[in-house]
Amino acid sequence: MGDWNLLGGILEEVHSHSTIVGKIWLTILFIFRMLVLGVAAEDVWDDEQSAFACNTQQPGCNNICYDDAFPISLIRFWVLQIIFVSSPSLVYMGHALYRLRDFEKQRQKKKLYLRAQMENPELDLEEQQRVDKELRRLEEQKRIHKVPLKGCLLRTYVLHILTRSVLEVGFMIGQYILYGFQMHPIYKCTQAPCPNSVDCFVSRPTEKTIFMLFMHSIAAISLLLNILEIFHLGIRKIMRALDGKSSSGNTENETGPPFHSTNYSGTQQCMICSSLPERISLLQANNKQQVIRVNIPRSKSMWQIPHPRQLEVDVSCGKRDWAEKIESCAQLHVHSPCPHDRSARIQHPGQQPCHSVFGPKNAMSQSWFGTMTASQHRPSSALETWERSQGPEASGRSLTDRQSHFQGSDGSARESGVWTDRLGPGSRKASFLSRLMSEKGQRHSDSGSSRSLNSSCLDFSHGENSPSPLPSATGHRASMVSKSSHVDSPPHSSFIIHETYVYVY
């Protein structure tokens with residue numbers, strides 16, 4: 001037989017780019033096919049034609065009967081089988097080498113990029129550790145000298161397994177059609193020019209039968225390994241997909257609803273838009289994700305709060321310790337009472353739910369309390385105050401004054417009067433801006449040197465009998481000021497804004 005070194009050297013390269021089942025298949029191909037065929041089977045079929053004898057003296061009858069008994073020598077048939085079954089592996093090897101060169105180029109580019117990152121003096125410690133770990137991984141890939149089996153290379157690998165399986169089945173069927181599973185010692189020849197029926201005798205029939213059964217068995221084992229390898233790749237891919245889904249599920253459970261918390265630094269905007277009750281994620285400035293379920297009422301509204309500091313949204317549904325609220329700086333606190341029916345409800349995880357019912361069912365009211373302060377550039381002068389009182393009667397006022405104290409940077413307490421919106425039959429007709437500016441002028445004449453901070457007041461109300469239109473698209477701008485006084489209880493529903501503007505759309 002010819003030299004198998006060239007084919008063996010190429011298949012050794014395929015061995016390094018195969019799975020564990022593919023390596024077993026290649027081992028069987030090397031040992032039980034090529035080695036057995038080159039060492040033992042060739043000697044068994046060496047005297048195949050010379051020892052084939054027929055009981056006739058008719059010239060040419062022996063050759064005709066031998067050709068009819070052995071259309072192709074089993075040795076050559078098995079050689080063709082090995083070559084054809086190995087050819088898909090050679091095609092896969094060519095693709096793997098191409099991908100390996102491309103992978104090496106990408107690895108070099110990535111290595112240069114990571115080294116350039118390591119030279120960056122502004123790189124923090126955590127990022128340096130990540131880059132160093134990536135460089136070590138690239139060096140390990142260089143030592144392995146192997147391409148990851150994924151993507152187009154994986155598709156080529158599966159295709160070459162299917163192709164060699166089909167070829168294996170074809171050669172097994174061909175061997176069965178030509179010779180069956182047994183080599184008979186006597187062959188009846190009826191071909192011309194042999195007279196009538198001629199008996200021909202085959203040399204070493206039992207030994208040849210053993211080798212035929214052995215090669216059939218090896219072919220069946222190779223086919224079984226091909227099927228197992230396909231299942232192995234499929235199960236591994238399914239397991240990876242399941243692992244990816246489980247990890248993504250765990251991540252989603254840890255981070256909460258689809259809208260995750262985001263840190264805003266610099267001149268950013270905090271926008272909340274809603275037309276239906278949704279689940280949203282609130283912002284937090286301490287680099288920790290905290291997700292809160294919020295049911296937003298059915299109103300087409302959007303409010304923007306530009307602020308040059310990081311914003312944090314905190315939610316509570318009842319009375320809290322207002323000292324903790326005062327100590328936090330650069331935060332946006334949103335408080336909403338827990339309505340009884342179809343109003344906004346905001347509940348923090350771990351917080352006891354509130355069961356407060358206010359107002360009749362056909363005249364619901366919604367109020368928000370917001371506080372936003374800046375940790376730097378806080379004015380030292382006293383804030384002017386706009387306030388308006390409300391009588392104890394539940395007559396019909398729409399603007400109600402709430403007061404709260406705010407602690408400044410110098411430790412002094414400041415009290416800010418704000419307005420809230422409640423439903424009333426005719427009180428919305430009055431312009432709160434005119435009252436605001438008039439009282440501001442009175443306070444300004446008294447204080448003289450006080451400074452005022454511009455802000456905007458949001459007026460959100462919901463009603464069924466007498467709904468009021470939303471503000472215009474350009475938004476309202478008002479000025480809110482404060483004075484030095486104290487209040488015993490925190491406002492239940494109010495909106496206080498310092499050093500910012502709120503636009504209502």
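Cβ atoms here come from the backbone N, Cα and C positions, even for glycine.
Annotated topological domain 'Cytoplasmic' per Swiss-Prot: 1-16 (among others), in sequence order, evidence recorded as sequence analysis.
Taken from Swiss-Prot, the feature transmembrane segment applies to 17-37 (among others), supported by sequence analysis.
Under the heading topological domain 'Extracellular', Swiss-Prot lists 38-76 (among others), citing sequence analysis as support. Mean predicted confidence for the topological domain 'Extracellular' (38-76): the pLDDT average there is 84.
Sequence-remote contacts of a segment are chain residues at least 6 beyond its ends whose Cβ falls under 8 Å from one of its Cβ atoms, and for the transmembrane segment (77-97) they are 1, 7, 10-11, 13-14, 17, 26, 29, 33-34, 37, 41, 147, 152-153, 156-157, 159-161, 163-164, 167-168, 171, 174-175, 178, 215, 219, 222. Per Swiss-Prot, the feature transmembrane segment maps to 77-97 (among others).
Look at Swiss-Prot and you will find 98-165 (among others) tagged as topological domain 'Cytoplasmic', backed by sequence analysis.
Taken from Swiss-Prot, the feature transmembrane segment applies to 166-186 (among others).
Per Swiss-Prot, the feature topological domain 'Extracellular' maps to 187-209 (among others). Across the range of the topological domain 'Extracellular' (187-209), the DSSP-based residue counts are 5 helix, 7 strand, 11 coil.
The transmembrane segment annotation in Swiss-Prot covers 210-230 (among others) and is backed by sequence analysis.
Annotated topological domain 'Cytoplasmic' per Swiss-Prot: 231-505 (among others), in sequence order.
Per Swiss-Prot, the feature compositional bias 'Polar residues' maps to 371-383.
Feature annotation from Swiss-Prot assigns region 'Disordered' to 371-491.
The compositional bias 'Basic and acidic residues' annotation in Swiss-Prot covers 437-446.
Residues annotated as compositional bias 'Low complexity' in Swiss-Prot: 447-460.
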Residues of the parent chain within Cβ reach of the topological domain 'Extracellular' (187-209), under 8 Å, 6 or more residues beyond its termini: 44-45, 47-48, 51-56, 58-62, 64-66, 68-69, 74, 181
Same-chain residues at least 6 beyond the ends of the topological domain 'Extracellular' (38-76) whose Cβ lies under 8 Å from its Cβ atoms: 1, 4, 175, 178-179, 187, 189, 191-195, 198-204, 207-208, 211-212, 215
